[in-house]
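Listed in TrEMBL for this protein:
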type    : residues                                 : note
BINDING : Q33, M34, R35, F36, K37, N65, T104, K133 : 4-amino-2-methyl-5-(diphosphooxymethyl)pyrimidine binding site
BINDING : D66, D85                                 : Mg(2+) binding site
DOMAIN  : 15-186                                   : domain 'Thiamine phosphate synthase/TenI'
Amino acid sequence: MYSKLQYISQGETIEKQLYNIHQALDAGCNWVQMRFKNQSEKDALTLAEAVKPLCEKYTANFIVNDNLHLTKEIDADGVHLGLTDTKIDEARTLLGTSKIIGGTANTFEDIENHVKNGCDYIGLGPFRFTATKEKLSPILGLLGYFDILQKLKKNKIEIPVYAIGGITLQDVSSLMETGIHGIAVSGIITESDEKEKLIQQINEKLYANIIV
Ligand SMILES: Cc1ncc(COP(=O)(O)OP(=O)(O)O)c(N)n1
Ligand SMILES: Cc1ncsc1CCOP(=O)(O)O
Ligand SMILES: [Mg+2]
C-alpha cells in the first residue's frame, strides 16, 4: 500500500529542487513527486538523474510530474498525470503494469474514468486555494471530499485518493475523516523550518486509525 504522504517538489532551479527534495527525504518523506515546471528537457533530465539515486538511497518512491517520456527514460517508479496531460491508458501502455500512474481529479466522474483507464491512485483537489499551482480547478472544500468519497463508496470504486491543494497540518484529521487515503503537499514541507517534526505530526494524523 502506498505511503499516505507524498511530497511534491518545488524550486525554480535544479539546485533548489535538489535541496528541497533532499531536505524532505532527510525529514522522513518516503514518496517524492518531482514537479519542475516549464524547464528544458535537458534540465528536467539532469534533475531526474540526480533525484533517482537520492530517492533510492532513502528507499523512497520517486515519481515524475507530467513527463511520461522522462519517466520511461530514467526508469522512475511512476508518473503523475493531470486532466490535460497524456491520457492514463496511453501511459499504462507505455509504462506497463509495474509502474505507478497517478491521475488528477476534480470530480467523481474524473475518478471513474481514471479507474477505467488503469490509474493507481488519484490526486483529488484542490482542497483550497493555493499559490503553488496556477489555473486551479474549482475548490472542493471538505464537503466536496465528503460528497465524492461517499459516491465512490456507493459505487464500490476502490482506489487510494490523495487530497491536494493548500493543505495544512490542521486540515489532516478532518480530511482523513472523509475517507481519503492520504495527502499530497508542497508548500507546508518546503517552507517549514522544522520539517522532521512537521512530518512526524502529519504522519501521526494520517496513520491515527491504522492498527499495526
Ligand atoms: C498528487 C497530485 N495530484 C494532483 C496534481 C496536479 O496535477 P496537474 O493537474 O497535472 O497539475 P500540475 O501539477 O501538472 O501543475 C499533482 N501534481 N499531484
Ligand atoms: C500541484 C497541485 N495541484 C493541485 S493543488 C497543487 C499544489 C499543491 O501544493 P501546496 O501543498 O503548496 O498547496
Ligand atoms: Mg500536470
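The backbone N, Cα and C atoms fix where each Cβ goes, and this holds for glycine too.
What you see is a predicted model, and the numbers here were worked out from it, not measured in a lab.
Positions of the features from TrEMBL, shown on the structure.
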| residue | record | contacts (Cβ under 8 Å, 6+ apart) |
| --- | --- | --- |
| Q33 | 4-amino-2-methyl-5-(diphosphooxymethyl)pyrimidine binding site | Q6, Y7, I8, S9, I63, V64, N65, H80, G102, A184 |
| M34 | 4-amino-2-methyl-5-(diphosphooxymethyl)pyrimidine binding site | S9, Q17, I21, L47, A48, V51, F62, I63, V64, N65, A76 |
| R35 | 4-amino-2-methyl-5-(diphosphooxymethyl)pyrimidine binding site | I8, S9, Q10, N65, D66, S186 |
| F36 | 4-amino-2-methyl-5-(diphosphooxymethyl)pyrimidine binding site | S9, G11, I14, Q17, D43, A44, L47, N65 |
| K37 | 4-amino-2-methyl-5-(diphosphooxymethyl)pyrimidine binding site | N65, D66 |
| D85 | Mg(2+) binding site | D66, L68 |
| T104 | 4-amino-2-methyl-5-(diphosphooxymethyl)pyrimidine binding site | H80, L81, G82, L83, D110, I122, G123, L124, G125 |
| K133 | 4-amino-2-methyl-5-(diphosphooxymethyl)pyrimidine binding site | P126, G165 |
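For N65 (4-amino-2-methyl-5-(diphosphooxymethyl)pyrimidine binding site), the number of other Cβ atoms no farther than 10 Å from its own Cβ, over all displayed protein chains, is 20.
Among the binding-site residues listed (M34, N65, T104, K133), N65, T104, K133 have a CB atom closer than 6 Å to some atom of ligand 1, in sequence order.
Among the binding-site residues listed (D66, D85, T104, K133), K133 have a CB atom closer than 6 Å to some atom of ligand 2, in sequence order. Residues Q33, M34, R35, F36, K37, N65, T104, K133, recorded as contacting 4-amino-2-methyl-5-(diphosphooxymethyl)pyrimidine, have a largest CA-CA distance of 17 Å. Within 10 Å of the C-beta atom of D66 (Mg(2+) binding site) sit 19 other C-beta atoms, taking all shown protein chains into account.
Mean model confidence of the domain 'Thiamine phosphate synthase/TenI' (15-186) amounts to 98 (pLDDT, 0 to 100 scale). In three-state terms derived from DSSP, N65 (4-amino-2-methyl-5-(diphosphooxymethyl)pyrimidine binding site) belongs to an extended strand segment.
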